[in-house]
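Participant: I'd like to ask some things about the structure below.
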Amino acid sequence: MKKYIIILIIALLFHTSCSDSFFEKYPTDSMTVENYMKDTDEIQTVLNAAYSSMTGTFANSIVYIGDLPTDNAYDFKLNNSSNHIALHESTVDSQNGILSDLWYASYQIINRCCLVIDNMETVTATDEVYNQLVGEAKFLRAYTYYVMVRVWGDVPLVLEDITDYMAVFEYARTPVEQVYTRIIEDLKDAETKLPDFYESNNDKGKASATAAQAILGDVYLTRGDYSNAKTYFEKVIAKEGSNLGLLDNYASIFDANNANNKEIIFAVQYANNQSPSMGNYLGSAALGNIQGIPIDPDGSGSQIYGVNILMMTHELEAKFIEDDNRRTVVYTDLISPDYSCTIPMTLKYFDYQNVTDGISGQPDSGCETIISRYADIILKYAECLNELSNYTEAIGQIRRIRERAGLTTDIDANYESIFSAIEDERQLELCMEGHRWFDLLRTERTKTVVDAFYNRENEVVLPTTISIYQYGDPNSPLSVSDHELLFPLPYDQIELNPDVLIQNPGY
């Protein structure tokens, strides 16, 4: 019985080893609250474990849900997971493993954050240390709930650490509005407690006041509160300078050797060649029977065996004009001049320096999974400006992003033209980063855009270099039903508590 209850919320705490860098990978040992959490050093290890819980399934699931159910991406279908296929083909059910993993990881993060927040009230700490640890924990808890509430709607709102496993049965789903109220409260508290930036490389990657402001702006934008969203985005933009700004080179944003660069506001951190998670799994899904993809970044003509889970749709590929310098970063079908690429792939998570260093000979990636970056904020700020009828300034913000991509900007100064331009620009700039589905939900465009993609009139032309690019008939008519704007709660959680935890309609 305890096995299944643990899946619901409770996770074992992990002792996190912090050597020179805050984000070294973590050996783990089980422990209990009774014999731990006695001082701030021990509480720090629990906070580090909360960060660690964001790696792997949590961060990857955000990208899968943000791109696979949309017109952005396909999953490679040869011997790959039916969970990914179901996301793309709008056939998700309550037993989807991606959703189960996200639910479990989310409450693991939340419980660890609650442990930090609650136990900081009972240990001796300076104001600086108290604010830092509690501020980070509140940011992580708020962001996790922000993910959950957009995926499932009403979710159980847990605000205290759970040490008695029977207590989980008391938690029913909390209405969305109450969850958002707590998200905003936690983020505002984090904003007051945390520094804007970190000078030490060992601290970069931690939650910051700037990250809290960026997510607050996002939350208000999602809620349709454009005035407050504009205020918080302007707080972020006011800090542009040596610590924050657009990089000149789009590809440099995603370079594993340029981690935590000034465009990145908050990201999930990875190190390559680290057991057991293989670094960032989005870098390449190493499948033994897949044909080799030639990699030639240094002229060596080496090959890697494996393929991304995310592959760009032909519809998205067609939106990238020839002069757009982002295209070859987002997607490639030819990596080496000496070879033909057998499987198209996205390169945003590809770590060129470590293609052969993975665990058990499998490739891995040290690339971050970016949660918030400056270009994202600029385009969301433009969205606020457009909603508030400041058309000229909105176009100016869009122009900043397009100029970096090597493109000109010609947009009529009216609401409809700017709305369309922002939607397109966000798709091009942020594809494969987990934004598209949530963008379309926010603007109430999901059914219009995704249904049009599913029911496109033109026949999809498959790449000539691969025989199995999509699962089944790529031209089969599909659609997004109203109830599918929210995903189903995991089946095993409903079975554990059917009288309290009620499934979303339609599942």
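Glycine is no exception: its Cβ is also placed from the backbone N, Cα and C atoms.
Computed from a predicted structure; not experimentally measured.
Pulled from TrEMBL, these are the listed features:
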DOMAIN    41-221  domain 'SusD-like N-terminal'
DOMAIN    335-507  domain 'RagB/SusD'
REPEAT    210-243  repeat 'TPR'
SIGNAL    1-19  signal peptide
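I'm curious about the neighbourhood of these features; can you describe it?
Facilitator: Summed and averaged per residue, pLDDT over the domain 'RagB/SusD' (335-507) gives 82.
Residues of the same chain lying 6 or more positions beyond the ends of the repeat 'TPR' (210-243) and with a Cβ under 8 Å from any Cβ of it are 135, 139, 142-143, 146, 150, 180, 183-184, 187-188, 190-191, 194, 196-197, 262, 265-266, 371-372, 374, 377-378, 380-381, 383-385, 387-388, 438, 442.
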Participant: Using DSSP, what is the helix/strand/coil residue split across the repeat 'TPR' (210-243)?
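Facilitator: Here the numbers are 25 helix, 0 strand, 9 coil.
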